[in-house]
Amino acid sequence: MKELIKRDRSAEEFTHWLNGCSQPLLISSPPYTGKTSFVNQLESESECAAVHYCSRAEPASIDTASLLRNLATQLVRRFPNLVLPYLSSVTLLADVSSSIDHYLALPLASLPLPPKPLFIVIDNVLPEIYDVVHKLQSSLPSWLKFVVTTRTLPTHEYLRHFSSFHEFSLSGEEEELREFAHSRLPQCREEDVVHASMGSWFYVDQVGRALDYGLLQPDDLPIGTEQLLSSLCSSPSLPTRLSIYLMLIKASRRPPSHSDLLSVGQIMVNDVLPSIQKDLEDLSPILSCSDPVILSGSWVDFDGDLSPYHTAWADHYKVKKRKTAQDLVELAYHLAHSMCSVDESLLVLHSLGAGRLSLACPVFDEETTGLLERVGCRVERMDEQEDFVFLCSLGDLNRISELLNPVSPSPPSSSSISLGFLAAASRGHVEVCEKILDRRPETVLLSSSPSSDGQWNGLRAAACGNHLPVLEMLIRRGVPVDECGKGGRTALRAAAWAGHREVVASLLHAKADVEKRDSEGRTALMAASFMENNEIVEDLLKAGADPNCVDSSGATALHLVLSNGCRGERHRLTLNTLLQFKSRVDLVDSHGRTCIHLAAYHGDECLETIARHTEHIDLPDSDGRTPLMLASSQGQVDSVQMLVSRGANIDSIDDQGRTALILGAINGHLSIVDLLLSMGADEGHKDNEGATALHYAVRHKSLELTRALATTSIVSTCDSQGNTPLIVAAEYPNVEVIRELVQCGSSPSAQSLEGQTALRVAALAGHESIVRLLSERVGDCEQKDVEGTPLLHSLLISNQLSMASTLLSLGASPSTRDAHGRTAAHIVSSRDDVAAARLLLRTTREGGIFEERDEGGRTPLMTGVWAGHYSIASFLLEVANVDPNAVDNQGASSLSVAVQLGHRELVHLLLRLGADPSIRDKAGRTAHDVARITGKENIRVMLKSATGSADSSGFGSMPSSPLEVARNGAHLARRTSFVLAAPL
């Protein structure tokens with residue numbers, strides 16, 4: 001699906017829930033109403049800690065172990081100090097409740113409270129994972145909120161699984177669907193699309209794809225998704241064997257690769273490879289991905305008996321060369337669901353050696369597992385397997401001792417011991433750690449093994465989890481106090497970040513290096529400062545930590561305190577402690593910013609304290625922006641007032657020529673704009689692009705912001721491209737802002753250097769209400785740009801039929817000509833746009849527009865024939881009743897052009913509908929002569945009869961109607977773009 005619009009209303013509802021509701025959130029709506037796209041939007045939010053997408057097309061996505069691992073990977077990326085035990089997939093599957101506790105819940109609970117609530121999302125929750133969802137919802141810490149999306153549920157399912165959730169229905173936001181329809185289908189009327197879609201966002205996107213490929217006409221939309229799919233299934237442009245490919249894709253256990261589908265397709269339809277290849281290429285309009293092959297939206301809902309298609313997949317795996325164990329399991333899956341008998345299936349699997357397989361757990365479903373067991377495959381049951389790492393996380397000392405015994409029949413691997421030791425240290429199981437070290441002393445050296453990505457060791461895990469007994473035991477046993485993995489994060493840094501003062505004290509007593517830096521150049525002091533652990537900051541400073549050392553980005557501990565956006569007593573204490581220990585406020589980071597820049601940007605409550613220690617209040621950063629400019633850009637009113645009171649220059653300019661007022665307007669901060677104007681800021685100042693603050697203000701929906709800056713003189717100013725604020729505003733759907741600018745004296749007729757007017761911009765942006773408002777104030781609906789292209793032509797070229805219809809209703813003439821003398825009819829003919837031609841015919845109520853000529857004397861029919869467009873030529877001849885024998889300035893007729901192009905179907909169409917092959921051009925040539933000169937012998941034979949019937953040469957009869965041409969696949973593919981150029 002193409003990128004959707006940003007769903008602002010739904011996002012506001014979500015933010016309201018995130019900041020004010022303690023319940024988990026259930027986002028529900030009927031199928032294909034944009035839930036997954038909304039989750040895509042949420043994923044980009046800074047508060048999103050993790051997201052998982054479920055899909056039946058991807059079986060692994062609804063596997064419990066895969067789901068938990070995916071969430072865990074993202075959480076570790078978000079929280080580098082999160083220690084997660086590496087539990088086996090069998091453990092995650094066999095004991096969901098306990099594994100979630102130890103794998104996610106307990107580690108997350110050990111993290112410090114973040115400054116703002118975060119959330120995780122599971123999209124498209126399916127019944128197979130309802131229990132997992134319920135356990136996650138009840139296990140996560142309160143600061144990590146839980147969101148799921150699902151199709152609208154029956155009442156009993158809702159009450160059973162989701163009654164504790166706050167529910168939000170996306171389907172209630174029809175205005176967002178309208179916005180999507182407007183952006184995706186500019187050639188259709190919004191009302192028609194919304195009505196026909198029945199609320200389905202998939203419908204809107206699929207119609208858009210169908211129009212792009214020429215499968216539908218924009219003025220004839222099917223009603224509802226079912227009719228849409230039925231209409232497309234009968235399209236001659238999609239494979240006649242479409243249903244076979246749909247069922248093959250659905251029968252595949254996971255999305256098939258293009259090459260695999262090509263192979264099994266050949267088995268199923270028994271046709272040559274090029275034919276199958278062509279079929280798969282023609283599937284593009286209904287696919288969301290071509291390799292692997294994934295069906296779009298409702299196409300996956302096709303029902304039918306899949307057993308014949310499983311049989312084809314089984315045949316594919318049977319003949320596949322160099323089969324892997326995975327291939328044999330896939331074969332078993334398809335055999336188990338095929339038309340083959342059990343005996344036949346067992347014989348096939350036995351002959352291929354499937355009985356020699358040994359599987360760690362059941363696979364796919366009971367039918368597949370049962371078939372493999374019957375052929376002799378060994379399948380371990382999950383309750384028969386032990387996970388050493390899980391035992392260590394649980395602290396099961398007795399069983400760990402048994403497994404570590406030298407005579408144990410199933411001793412754990414070195415990797416499992418290393419990871420188990422890490423899990424025990426992170427859970428504070430000191431006796432387990434000691435037992436492992438007693439039996440396997442080398443574990444101390446393995447504790448930062450590659451299995452933990454080299455980031456963690458037992459000492460750091462214990463420090464981060466505040467497990468002092470484990471930490472002291474490890475130090476007594478000689479573990480280097482500054483041991484760290486490739487990330488350079490020591491136990492001291494971990495404890496300082498987590499706020500564990502006793503652990504920090506113990507490590508300092510053990511001579512931990514307070515200046516040890518991680519891979520980003522940050523010390524324990526920086527970590528403690530960022531987390532505002534004031535007492536630890538003071539302890540580290542007293543232990544000799546340098547308050548002015550900088551990390552790889554040039555930031556000091558004081559920079560980090562000011563960049564975390566926090567407030568409150570801890571924040572003030574930490575900042576004052578650093579200042580007391582001589583932290584410098586004038587050090588510059590890699591962005592050229594000192595502490596006052598950061599404090600101003602974040603609106604820090606300690607800004608005045610920083611300002612008292614700052615010598616230059618207007619010091620510019622590497623972009624030329626002063627602290628006042630940064631505060632203005634972020635809407636920090638108190639900071640702006642304080643900085644101005646201390647002498648900051650309100651009219652300073654940055655490297656882009658922008659002032660604090662312009663930056664406030666760019667970001668839509670009305671309070672900043674009002675404040676700076678009251679202080680005398682220059683509202684007429686232009687930046688390097690020639691734009692004033694008003695040019696930026698009009699992009700926002702705020703009428704008050706525009707009013708604050710709009711004066712009689714300012715509304716008429718132009719930027720370096722000649723755009724007035726009105727022209728800029730017309731690109732955005734803010735009709736009240738447009739009305740305010742016009743009332744202030746802005747001219748609707750003003751043109752930019754490219755010839756753009758406000759009316760042109762609004763029309764091309766699809767803002768009908770603005771177009772209607774401005775059209776009342778201009779006398780010229782032609783609105784030609786600097787190249788002489790009328791607005792109506794531009795709309796037709798950009799496929800905006802709905803807006804073209806609006807413009808015609810407001811008085812635009814379809815006879816208006818461009819620089820090449822072409823009318824709107826020439827444009828639609830050059831694009832093979834039958835729907836637009838119907839629009840022009842309805843508007844003019846007679847076909848005269850289709851007989852007009854361009855500067856070369858060509859009619860719209862000739863333009864369409866030159867482009868080889870059969871559909872528009874048929875429409876013009878059969879519906880608009882144009883003259884087939886009109887000639888251009890060179891005396892050439894449409895028939896002569898079609899003959900020259902060698903377009904057999906067009907020649908037949910023209911002959912059938914009255915074209916005269918005896919017409920001579922100014923060089924005296926008839927269509928017969930053109931055919932002879934250009935070597936079109938087959939067409940010359942057609943011209944001899946002047947009927948299109950075959951003569952004795954045996955070329956066969958020609959199609960008798962456009963529909964028959966389409967059915968035979970002889971029509972040319974529609975062109976979806978058009979370059980304005982006169983035909984040669």
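Cβ coordinates come from backbone N, Cα and C, glycine included.
What you are looking at is a predicted structure, and each value in this text was computed from that prediction instead of being measured.
Pulled from TrEMBL, these are the features on record:
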| type | residues | note |
| --- | --- | --- |
| DOMAIN | 11-149 | domain 'Nephrocystin 3-like N-terminal' |
| REPEAT | 487-519 | repeat 'ANK' |
| REPEAT | 520-552 | repeat 'ANK' |
| REPEAT | 623-655 | repeat 'ANK' |
| REPEAT | 656-688 | repeat 'ANK' |
| REPEAT | 721-753 | repeat 'ANK' |
| REPEAT | 754-786 | repeat 'ANK' |
| REPEAT | 890-922 | repeat 'ANK' |
Check your understanding: Tally of helix, strand and coil residues over the repeat 'ANK' (721-753) according to DSSP?
Key -> 14 helix, 0 strand, 19 coil
Point to revise | Beyond the flanks of the repeat 'ANK' (754-786) by at least 6 residues, Cβ under 8 Å | key: 182-183, 186, 721-724, 726-727, 729-733, 735, 738-739, 742, 748, 792, 794-795, 798, 800, 802-803, 806-807, 810-813, 816, 818
Practice item. Report the DSSP secondary-structure composition of the repeat 'ANK' (487-519) as helix, strand and coil residue counts. Key: 17 helix, 0 strand, 16 coil
Check your understanding: How many helix, strand and coil residues does the repeat 'ANK' (656-688) contain under DSSP?
Key -> 16 helix, 0 strand, 17 coil
Check your understanding: Which residue counts does DSSP give the repeat 'ANK' (520-552) for helix, strand and coil?
Key -> 16 helix, 0 strand, 17 coil
Check your understanding: What parts of the chain pack near the repeat 'ANK' (520-552), using Cβ distances under 8 Å and only residues at least 6 beyond its ends?
Key -> 112, 490, 492-499, 501, 504-505, 508, 512, 514, 558, 560-561, 563-564, 566, 570-571, 573-574, 577-578, 581-584, 587, 589
Revision key, fill the gap. Counting only residues at least 6 beyond its ends, the same-chain positions whose CB falls under 8 A of a CB in the repeat 'ANK' (487-519) are 80-81, 110-112, 454-455, 459-460, 462-464, 466, 468, 471-472, 475, 481, 525, 527-528, 530-531, 533, 535-536, 539-540, 543-546, 549, 551
Exercise for review: Please work out the mean pLDDT for the residues of the repeat 'ANK' (656-688).
Suggested key: 97
Study note, to complete from the structure: Residue counts for the repeat 'ANK' (754-786) under DSSP, helix then strand then coil, are 16 helix, 0 strand, 17 coil
